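Straight from Swiss-Prot, the features:
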- 26-72: region 'Disordered' (REGION)
- 60-72: compositional bias 'Polar residues' (COMPBIAS)
- Gly427, Pro428, Pro429, Gly430, Leu431, Gly432, Lys433, Thr434: ATP binding site (BINDING)
- 892-913: region 'Disordered' (REGION)
- 894-913: compositional bias 'Low complexity' (COMPBIAS)
Amino acid sequence: MDQYPDENEEFELQYQDELELLEDLPDEFNAYDGPSTSKQAAEKQKENRAPVAALRDSTRLGNSTLGSPQLSQITFGASQLGGEEEAEGTSSGGQVNRRLFGTPKGPPVGRGCSTPFQRMPAIQELENTQLTSRSYGLEKENAAANQLQEVGLKNVNKRRLERDLFGDIDDLFHESYEDPMVKKARTEEQRDHEAIERILELRRKMRESSKTLRKDDVSRLKALHDFKMRNLSYEIPNWPFLAIQRSDLERIYVRFHSEDYEQRQLDLISARGEVVGSLLGEAKDKIWQEAGEIVLSRATAAEDADVTLVNSNANSEPGRLWVDKYKPRKYIDLLSDEMTNRSLLYWLKMWDKVVFGKAFHSKREQEAVTGEGGTAGGAANQLNSFNKRTGKFESNGGWRQRKSRQALNTNVDALGRPMQKVALLCGPPGLGKTTLAHTIARHAGYNVREINASDDRSPEAFKLALENGTQMSSVLNEDKRPNCIVLDEIDGAPRQSIDYLVKFISDAVYTKVKAKGAKAEHNVLKRPIICICNDVYDPALRPLRQVAFVVTFPPIDAARLAERLVKIAFKEQLKTDFGSLIALAEKSGNDVRSCISSMQFFNAQKHSLTLQDVLNNNLGQKDRHQGLFAVWDAIFRIQRPRKTLHTDANKVDEPAQVTMTNTSVTTRVRNVLEVVHSSGDYERLTQGVYENYLQQKMPDPNFTGVCEALKWFCFTDTVQHQISRQQNYSVYPYLQYGFVAWHLLFATLAWPKIAFPTRGFEFQQKSTNQRNIFQALCKGVTTSALGVGQGGTLLLDTVPLLKRILSPQLRSVAVQLLSPKEQQDLRHTIEVMVDLGLTFVQVKSQEGHYVFQTEPDLDALSAFPGYTGLSLPYFSRQLIAREVDLERIRRAAPKGGAPSAPAAKKKTSGAAAQLPNHLQTLKPKPISASNMHSAPKQQLTKDFFGRITHKSTSTNSAEESKTDAIVKSPIWYRYKEGFNNAVRKDVHIHELL
């Protein structure tokens, strides 16, 4: 209960004003500050104490109050009592406890204490009158107040006030003047509130003063509504009017005003201008004149510069193409998508560490160091973060945060190069891909070296140009800038050049060794390479697409392109309008080069470019190859109707009419046929439609369209089979009508979700793999096991059951410890596997464990994904694999025995006659005596003239005959000094002879 005031504090708060009035009395009337030295002062003290005692009698105090522990702590000293109290000895010689009522220490100012009981006589008087104060409290209080008022007036009248000296001077004070006494009585909190109110009041006055310059939105809307109500009418009014007609054939009557009304409005505007001028001060006219001169000088300078530029260009370079003339020179001049520009520039800046020696910090590293929003660890993993710049908490999205799909890998290798060392720009022609590569490369500080891959298609020339552009000897040019290689039309390069580029990027190219014995070093790529192509899905670009940073070039916005064309037309003084340029951009497919060339053609003919010319002429149109996604988009989406300008070619004089585009079924069918025919790859288009048609929004809730679409898929498959297998190209034109049927079944106004078809390729790879496995299985079947079937019978009837047949239940023990039943099952499994040519091979699984699988893999032929079936443990497979190898060796060994003598003799003679080549040995040729002593033989020869002569050969001695027989032997032996490690077999001389 210490926080609540007691009776004494309530008294002080109730009569605070009167007590402060007593404090302001002169010194001769203040008898409470200390003991008096004169009797007159003592008498005055008694007289002044009486009204105070009367005031204190009016409080409602009881006996409990006087005997409370708070009052028992009050002590009185000589300094606090008057002279009579000291004489009577009513004081106990102490001081008032100032902590009890919060009285500050130090000499008393005014009243000696904040308590109402600072004099002992007052307490005694209250004790004597406590019984009567309850019944006569109101009369006592009124009497005490009257006495206090008389004393106060008597004391105040003795002082001369300002009003007595100067009269009424309240009008001299400013509105901000405040009585010092009142100002002193306020607390600090009240002063703060008053300062806030003062600031708000000044702001309100400032807003009211600025209302003459600007009204709020509600006031302006109200004023506009009142103006229309006074000056516009849908009915015939009473005031003068002018009738006009809207586009919906409704008439509106506009009011005519007199000249006096116009003059009054002008005067009102000028009066408002004077208010504005008063804010600017006396120098308003001078400031306004200087501002006008600055604006006029800038406009004149710009017009003069444009006229000078146009005239100089027209005179100096009359035959220069506008495409080269207005080619972007700086980054801000690019018309392409900003995200595309920033992505390519970010990839180029990742080469700064290798090329320029500057440290490059990726976005992830910066967020890890500084953190998003100023936090030390980054706020990517937090739900909320505090942003020091704004001083607010910001939501990071948490688990709902959309993760951006970045095709760029921001990681770097050991040398500080990006992981994707080549950028691949792809998009339709004419959008500015080459211009973008040149501009961003120069902006990043490189010297652009362009190589057109379709100029010289030989791999040697491509290799030489690529090496010269990236070698350190020719890296720096006159401007001391490193080279950036730009390979334009990379899709026109041969496959060998693309393969060499991939090896060059992967640091797999080695330099030629000049010195003998030197070690070849691989070439390290230290310069960025930018490749440009039209079709990123070209088969030749498949190896490059896997290692490159692919940047898809989106089409340029038609409105943004038209704004740039307006500037060019203004500089070249070509008369045209914004609508005509937008129509030209849309008709050309937002092709920048085509639009600028068309404008230059009309300017050369001294003819203005109008909307009629754009619609009637074949401007900006060219035979472009439609991409696969563009064709699929045309199949699954209905084009929204747009406003067009319809003209009749036969009636040129009649004005054109604005109509909506035709969205009838006939027009849609014609558009689909044109788009599909421009692509030509019907098989790939069919696969894309087949894999994406179920992902689209079905306009048919009964799914009858799905059944109809499947019939068209069967029809298309049949036609393609006739073309590919039987070479029947007479049915080729019917392939495109299936896309028309699918368009009419599944096309909607919504944007389709299309994914590139990959299931056909995956199924083809799986089919090829399974076909190879089955062929290996058929080759391994021995002749004794041909009864199990061949072809489809083996695949359907035998293979599904082999997994269960080849899975015996064996214990994990040695072969000698197996039971007879287990040994019989093991022997049967081994015989079946040897007859079918199967075995277990140890391979490494995707998890990193080694397992035994059948070779050929029967699981790929018979097991479904996710169904393991019956399987053997690792130990059993290892045991069976070992026994199968031993059985194959045992069967391959020749069978031996001890046959009988006649049979052995016959067998030996037969074996000698049919001995295999690898077992036969060379035997010496016998020289018989008959040959040595044979009779001479006649030999027929021809002489020089061609006549036939007979020559007799006589026999020589036995030694000569023996030597001649040896010389005529087909095998010679010659000793050669040295040895050869390739000969590993010991050969004796008798084996050769």
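Note that Cβ sites are derived from N, Cα and C of the backbone, with glycine treated the same way.
Neighbour counts of Cβ atoms within 10 Å were taken for the binding-site residues Pro428, Pro429; the minimum is at Pro429.
Every protein chain considered, the tally of other Cβ atoms within 10 Å of the Cβ of Lys433 (ATP binding site) stands at 23. The secondary structure of Lys433 (ATP binding site), as reduced to three states from DSSP, is helical. Taking the mean position of the Cβ atoms of Gly427, Pro428, Pro429, Gly430, Leu431, Gly432, Lys433, Thr434 as the ATP site, the remaining same-chain residues with a Cβ inside 8 Å of that point are Asn534, Phe553, Asp591. Annotation for Gly427 (ATP binding site): spatial neighbours Lys433, Asn534, Thr552, Phe553, Pro554, criterion Cβ-Cβ under 8 Å with sequence separation of six or more. When Cβ atoms from all protein chains are considered, those within 10 Å of Leu431 (ATP binding site) total 22, not counting its own. Just so you know, the Cβ of Gly432 (ATP binding site) picks up 21 other Cβ atoms within 10 Å once every protein chain is counted.
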